[in-house]
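Engineer: According to TrEMBL, the protein carries these features:
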DOMAIN    1-375  domain 'Amino acid transporter transmembrane'
TRANSMEM  76-95  transmembrane segment
TRANSMEM  115-132  transmembrane segment
TRANSMEM  144-166  transmembrane segment
TRANSMEM  178-198  transmembrane segment
TRANSMEM  210-233  transmembrane segment
TRANSMEM  253-281  transmembrane segment
TRANSMEM  293-313  transmembrane segment
TRANSMEM  319-339  transmembrane segment
TRANSMEM  359-379  transmembrane segment
Amino acid sequence: FQGIFVLGLPYALLHSGYSGLFLIVLAAALCCYTGKILISCLYEENEDGQLVRVRDTYEDIANACCKKLSPKLGGIVVNMTQVIELILTCILYLVVSGNLLSHSFPYVPVTEKTWSVIACVTLLPCVFIKTLKIVSKLSQLCSLVHFITILVVMTYCLTQIHQWSWAKFRLSIEFDDFLVSVGVIIFSYTSQIFLPTLEGNMKNPGEFRCMLNWTHFFACVLKTTFALTAFLTWGEETKEVITDNLPSFLQTVVNLCLLTKALLSYPLPFFAATEIVYACISRGDHSNYRSPLFALGVRGSFLLLTLLMAMFIPHFALLMGLTGSVTGAAMTFLLPSLFHLKLKWKKLSFLDKCADIAVFILGFLCSLAGIVCSIKGLLEVFE
């Protein structure tokens, strides 16, 4: 939850004012809710009324919902959506790494694309990752680096507390700017892609709902505190990435921390994407596709694909915004609420049904608004 998106939250507050604070809390509640209903779709009651896990993945849930239409249609759609979003995330980390390296070493005559290649070379060991346990160790290090970065920014902000003023908050907002803020805030909480695997690997899956409540609560508190302190420090001068507001002597240190974080963040979406593709290809009786060498080839191909896309696709940020508005909203709001209604309709109360329908409508509106803003931005660039 505390990803690179967090660094854009003060900028989101700049454009959304007091409503941005409300959005940070609302997004936490909604994403926590959709995470719970998604996991509930993995379970069914047996003859004794006990809940039994009859599905393992997001794909299994989708197939169960679409089995009357086509046994595998739902799974194909979900897998494609997941893989697209995960690949885009991996590419983003490479683009960010190249950008951070070029800003950290401006005196080195190397382009951002070349820096991205260098960053990609350091990620070559990812092709040998076979288990989620290794990824979790890297994610722990990633979290540690992230908190160091946040601590540095907040410590500097606290030294400037004498110039804080609530008058910096905007009461009126512009619709386009507000939509940008909505996208940044909502998608900084998304984790639904990983939840079925995470819940299945927990030592005590019965604690999943409690874990989800606490993680979303603490994420909400940390995001609100960080966004507030940074925005109150810089006000109207708040930049898109808050670290750009820091004095030069701190910027280099923070940029190197962010680079480390970006590189440590890459293995999780990379592992998830390659596992989905490998599972789809090796399914069935094709023993040739189950060899370790083939799995290595799949991972190597993905690493190369993310590098090439990071280097050669123009206006990648806008294209990612367009695709993310579709895939992110679908995986976070639309599909969990739709699947929950489909699989649990007879057992849901009236209020539960209303909640699912409300989340679906909200997700659809967020997706539509994000698509409009991204297309508008692309048209302005090409014009």
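Every residue gets a Cβ built from N, Cα and C, even glycine.
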Engineer: Pairs 6 or more apart in sequence, C-beta under 8 angstroms, 3 or more of them: is that satisfied by the transmembrane segment (210-233) and the transmembrane segment (144-166)?
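Structural biologist: Output yes: the transmembrane segment (210-233) sits against the transmembrane segment (144-166).
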Engineer: What same-chain residues lie close to the transmembrane segment (253-281): Cβ under 8 Å, and 6 or more beyond its ends?
Structural biologist: 3-4, 7, 59, 79, 82-83, 86-87, 89-90, 93-94, 96-97, 100-101, 103-104, 119, 122-123, 126, 129, 132, 134-135, 138-139, 141-142, 145-146, 148-149, 152-153, 193-194, 197, 243, 246, 289, 294-295, 298-299, 302-303, 306
Engineer: Who are the chain neighbours of the transmembrane segment (178-198) in space, where the CB to CB distance is under 8 Å and they lie at least 6 residues beyond its ends?
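Structural biologist: Distant contacts of the transmembrane segment (178-198): 1, 3, 5-6, 8-9, 11-13, 15-16, 19-20, 23-24, 27-28, 30-31, 34-35, 38-39, 42, 55-58, 61, 82, 85-86, 132, 216, 219, 223, 268, 272, 321, 324-325, 328, 331-332, 336, 366, 369-370, 372-373.
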Engineer: With pairs restricted to those 6 or more apart in sequence, evaluate whether the transmembrane segment (76-95) and the transmembrane segment (293-313) have 3+ C-beta pairs under 8 Å.
Structural biologist: yes
